Amino acid sequence: MNKVLTASTGVIMSQSPGNGFPHFESCSWVVKVEPGYNITFTIEHFMTSRQFDELEIFDVWGGGYTHKTETASLVDLCERSLMIMRRVEDAYGSRPRSSSFPLRFPLQDCTLTGSPASQRRVPTFDLGAFQNGGPSRQSNLLITLSGNYSSPLSITSSGNKVYLHWSFDHTTSHKGFRIRYSAAYCSSPPNPFNGTVHSLTGTKLGSTLRFSCDQGFRLIGQSSATCTRNPQGIYQWNAPVPLCQVLSCGMPVPPVNGSISGQDFTLGARARYQCNPGFRLAGPITTSVVCQDSGRWSAIEAPPRCIPGSCQDISHSAVDHGRWRLIYGTQNQYDAIMMLICDLGYYYRGRRVIRCQANSTWDYPDPRPACKIISCGDLGTPPNGHKIGTLTVYGATAIFSCNTGYTLVGSRVRECMSNGLWSGSQVQCLAGHCGNPEPIVNGQINGENYNYRGSVVYQCNPGFRLIGVSVRICEQDHRWSGNTPVCVRKSTPPLPPSALPGKKYIIISKDLGVSNNSCIFTPSSMVTWIAITCGHPGNPTFGMTQGTQFNLNDAVRFVCNTGYVLHGTGKSTCQSNGQWSNALPKCKIVNCTEPGHVDNSVRQVLTSGPHRYSFQTAVSYRCNPGHYLLGTSSISCQGDGTWDRSLPKCLLVLCDRPSVPPYAQVSGDRRTVGSVIRFSCIGQRVVVGNTTRMCQLDGHWSGSLPHCSGESAGLCGDPGVPFHGIRLGEEFKVGSLVRFSCEPGYVLRGSQERTCLANGSWVGTQPECHGEATSGHYSRVCPGWEEEEEEGGGGGLVVVVVEQEEEDG
C-alpha cells in the first residue's frame, strides 16, 4: 500500500493485523503539505514486534515530484523510481490506459499497439516520476521505530515533505500504530455541494473563509469559518462545511374545499390553486403563485376561497300539484338535496330526491318525477241500485240510490280520500220490505213503512190492553224485530169514587162513543162506566217513549238516543177518543260542522253515519315530516253537534340551538329539519369529530358534538362543559381523564369519560345533556321561545309539556 497525503492534517495507521501481518511486506506514505510549512508527527500509540516490524520516517529535502498534470490526492508508489501513466488521449477522444494502472510497475518504455487503419495516434503523455532526490529511503532519516512505545512521541520535519516506510514480518497479533500529523495551517475545505468557498485571508491560523450557495439554494450551517488550533495542536476550521439546501417555499396552504396542483415548491416553481369538484374559485383572483428567493410565495396573503357551485333555483319551479323542498345542504348549492313534495291527494312517480351535482346541474332522473292524482278505484254500481258520479280520483264523489222496493244499506254518499280509500261503508240495495207484519186480534197496526229500518206500531181496541212490544222494526234480514204483541180485555174499572148529584160527567156510549155533551148525574141516571185507553204510542226510531200509563189524559214524552235530535212534538196526551194527541216524532242523526284543515298535516275522515260529519264520525290528523303534533291527533263528533276537542296544531320541528365547543365556530343559523350546521376551529386547531350536523325529524342534531384539538403538542383541546352538565377534571395533557354528568332532570348522551390521546384528540364522543323523557310525555322548548331575562334579574326557561298521542291504527 503506497499513498500520497496532501491534507494539512491527517492520521496514518498500520494495516489491521488480524491473525498476524503478512510476511515480507512493506507500505509507504508521502506526506506533502504547502511549501513553507513544517510537519509535526504525534505517535499516539505504537505496538509492534521488535526487530521484525519497523517504521522509518525520512525528511525529504529538495527534488520531489516532477509532473505535467495536477497532483492527485492519492497515488500508488513503489520502492523504486516509478513511471505512472496518468492519461493518454487519441485524436478521437478515447482513453487507452495501461492494463495495470493504477498498480505500480518499474520505470520502462510503454508502446501502444494498434492497426494503422484505426488512425490512432498518441499526441500527449502526462507523466509523474520520482527523480533523483525524490522521497525514498536514501533521504534524511528522522527516526526509526520498532517495538512498543507507551508515551506519546512528537517529531517535526524540517521541510514540507516526509516519507514514511513501514516493513513488517510477524505472525502474531499486535495493535500496530496510529500516528497523527499536522502542519501549521488549515487545509482548504471542499466546496459545499451546490456552493462555493471564498478564501478571505488564506489558511493560516486566524484566517477566515466564507461559504455561499448557488442561486436557488440556501445555506444550512455557519456561513464562515476561522482557522484554529485545538489543544492537541491540530489546525482545523472551527466550523464544518455547511450544506446548501435547495430553496423551497413549502407547500402553499390549500383553500378549503380545494387543493394545490404541483409537486415542486422550490425557487421559481409555480403552484396552482384548484377547487374540488362542485366548487369554484371566488371572484377574480390569482390562481397560481411562484416561489420567490425570499422563501415566500408571490402575490398572495391568504389562499383563495372555493365556493360551492350553484344549481338553478327550483324551489319555486312549476311542478303540477307539487313543490320541491330542501332536505339537506344549502339552497341551490353543490351537494344540496331536494325532495318532491306532492299536494294532498297526489302521489309522486319516479325518483323524488335529486342532488345538485358538481357540474351545477340537478341529477334529474329520466323521466322526471311528477305528482299524479290518487285514485281510489271504481266502486261499481250495487245490484238493484244506481250510482251518480264516474270519477274515481281524489275528491270525487259517488251518490247511490236504490230501485223502488229496495232499501239502501251503507253510505249514500262516498268521497275519494287522500289515502286512496273511499269514505263511508259499502252500499247495498236490499229487498224493499219485510212483508206484512202479523195481524193482532182486538187491535190494529199503525204504519206503512215496511222498508229496511221502517217501523210499525201495534195498538189495541178500547177495552183491551197490549201485552208485549208495541213497535217492531224491519231489519236487514227481512224480518220484523221482536214478537207480535197481543191485546187482552181489561177488567171493569171500579166506579168513580163518588158520583155526586149535580156533577157533570162526559157521556160515553158503546154505540156513539164519546159524546161532546155532558150530563148532570142524578141518582136515577143509568150510567155504564167504560175505561178509555190509547195504548202504547210506540218508540221513535233511534229513540224511546217515557211513560207507563196510556189511559185517558195520561201523557208520555219522547226522547232520542244520544247523537240524534227530535223532529216533531216531544209530548203526547191520551184523548177521550182513544187517540194520542200528536203523531209519533222522528229522531234524526246529529251532524257536526266541517272541522277544518290543519296546516302542514294530512286529514283522514272516518264516517260513521249517512252524512260526512255525522254523530261519532272521527277525523284524524297526521303532521307532515318536519312537524310535530301539539294537541290530540283525533277528534270526534259528539251528540250535541260539537267536536269533542279543539283542532290540534302541526308546529315546525326545531332543533335546539347547537352547543359550540371551546375554540370553535359554527356556521349556519337554521334549525329546521334538514338544516346543516358546520363546525370549524380557531387558529391552527383542527376539528376532531363531526364537522357537520343535520337537524333530524326527532328534533335532535345528527352525530355528536365535535371538539377542537390542542394548540400545541402534548395537549388536547378544551372538551367543554355540556349545557346543564358538569365536568370533573381540568387538565388536558396527554393521558388526562375528564368525567361528565348532567344536572337532575337531564340525561347524558355521549361519552361519560374521555381520555386525551397523544394525537391531540379525546377518546369517545362529545357529551350533551338532554331533557329527561318520562313515560308517555316529553319536554321540549316551544319553537321560537328563548331563554329571556325577566325584570328583577331572574332568568327563566319556558317549557311546555306536550302529550304524545299515538295515531289510530
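Here the Cβ of each residue, glycine as well, is placed from N, Cα and C on the backbone.
Candidates considered were C708, C716, C769. The record in TrEMBL pairs C742 in a disulfide bond with C769. Noted from TrEMBL: C402 is disulfide-bonded to C429, selected from C371, C429, C434. When the candidates C460, C519 are compared with TrEMBL, only one is recorded as disulfide-bonded to C487, and it is C460. Of all the disulfide-bonded residues in the list C429, C681, C708, C742, C769, the shortest Cα-Cα distance to C623 (disulfide bond) is found for C769. Within 10 Å of the C-beta of C623 (disulfide bond) we count 21 further C-beta atoms, all protein chains included.
Within the domain 'Sushi' (653-710), the DSSP-based counts of helix, strand and coil residues read 0 helix, 22 strand, 36 coil. Following the DSSP three-state reduction, the secondary structure of C460 (disulfide bond) is strand. Taken residue by residue, the domain 'Sushi' (590-652) breaks down under DSSP into 0 helix, 27 strand, 36 coil. Here the listed stretches are 184-246, 247-308, 590-652, 653-710, 714-771, and the one with the most C-beta pairs under 8 angstroms to the domain 'Sushi' (374-431) is 590-652.
Taking the C-alpha atom of C487 (disulfide bond) as reference, the shortest distance to any of the disulfide-bonded residues C402, C560, C708, C742, C769 belongs to C560.
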